[in-house]
Amino acid sequence: MQGGDSNIRKAPYEDGVYFVKEPGGKESTWVVGQRYHLVKILGHGSFSCVVLAVDRASGEQVALKRVGDVLNSPENAKRVLREVCIMRRLDHPCIIKLKDVYVKPSDTGKLFYRGGKFVPASLDLYMAMEYMNQGDLFHLRGQLSESEVRSMTWQILCALEYLHAINVWHRDIKSANIMVAVAEGRRIVKVHQIFPTL
């Protein structure tokens, strides 16, 4: 089955492997196994790419983030490990939930020759997170009512209060890091992209 995005191709020779062409033309290999089916690219940053995926185990949509070659530098490995450790302990209705984390050998990192074969010396990290169906607040189109603005602001403040209560400082609050969804006829927002300072 082909993904819904022309920038996502399923590998013809191996189930659970996709080729994702990121904005800018760079193509990366995603190894998601039997659990996820990639649908479309949601966004990308300097360190990662995020796609909409379907979790075949639960049937729900998730935002699947891939950070390639996480061991390319000690600073990068530390940054990613800190993000995962913080996200795993967060539990608040106004913060994006981390659902799954796994690593696979990287096809872009360094290789070592051991026992007559090349062995990957780096890893690609995958994080499955709660999917918000309206994207981020920065790209939200249309006018918001005063009551919607009040409600959304309150939700953001509740998330920040929770983070500060557990000594986590977000450091990058902006509309692009606030995700939006519509549930039961109202907009809900959740804080995302936590680059923590403990």
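Cβ atoms are placed via backbone N, Cα and C, with glycine included.
Summarising the annotation, TrEMBL assigns ATP binding site to LYS65. Among the features that TrEMBL reports, domain 'Protein kinase' is placed at 36-198.
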Average pLDDT across the domain 'Protein kinase' (36-198), rounded to a whole number: 88
Other CB atoms, at most 10 A from the CB of the residue listed as 'ATP binding site': 24
LYS65 (ATP binding site): secondary structure state under DSSP, collapsed to three categories: strand
